[in-house]
């Protein structure tokens, strides 16, 4: 949309200021909704009770819960469940379950260990192999996704519409490029819609193909879709194939964290069967390590993709790079990602 010539554009100065105004307005609105929508109490110890395992000391498990995550919506007696499995039934919202069950609930009689940078690095270095493989596959996925998303509108303007961003601003070539960028923005809108829809569809596919199957399918669909966009840069075909971007983004935001939660559940059950008093790995730390792969992918893509485009002389290399990275991720998932029953 051409915000520059609208009433808001004339009032605020330029279309970029209009865009940032709407961004700030949206952010402020949803921040306010977030702050007031989830009432909660801090997990603090009641000084009047000496026994740290008393129900009154764990406010998250009391009567003030709001039904989020795995906590039941029906009012229940303030009795701490006897096992972790009582707190979190098997469901697709495994990340919500992992967040709902706090470390205090898992180990009510033990003091929380203070986290230091040294202990954090030690936990990451000593990460089990299947966790490390999950981080690598997440890195490959985000690198593939960002390769495509960072240059997609430029790809639409130069390759699909055959415009020239370096031409004079009053030339037909530059106007064609601008039109391609606008249509590319609609393609990103299709990506957002398909991501939302696929996030809902995932729960129906889960019983049939499992988490690993969903993980593989997300990478494979994205890899094939981006390769077709690169090989056949047609306007209609490209817009239709933008829906595969949403499949990938939904996969990246959900499946790896669900796998983390399943690995945690498996580890807890093994420790319980062995009668070991050893504490399981912290879910938050593993999720943080997984999230770090997003920033690492941004650094790799930001540092390397621009030089790759200059070397190739065409932005078509970005969708082909995204496809190659995604298909490599498919192979990695098939060979190294551990399946959880």
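Just so it is clear, glycine is given a Cβ too, placed from its N, Cα and C backbone atoms.
TrEMBL annotations: computationally assigned, not manually curated.
In TrEMBL this protein carries:
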TRANSMEM  18-38  transmembrane segment
TRANSMEM  139-161  transmembrane segment
TRANSMEM  181-201  transmembrane segment
TRANSMEM  213-232  transmembrane segment
TRANSMEM  238-261  transmembrane segment
TRANSMEM  282-305  transmembrane segment
TRANSMEM  311-337  transmembrane segment
With pairs fewer than 6 apart in sequence excluded, do the transmembrane segment (139-161) and the transmembrane segment (181-201) have three or more C-beta pairs that lie under 8 Å? yes
Please identify the stretch among 139-161, 282-305, 311-337 with the greatest number of Cβ pairs below 8 Å relative to the transmembrane segment (238-261). 139-161
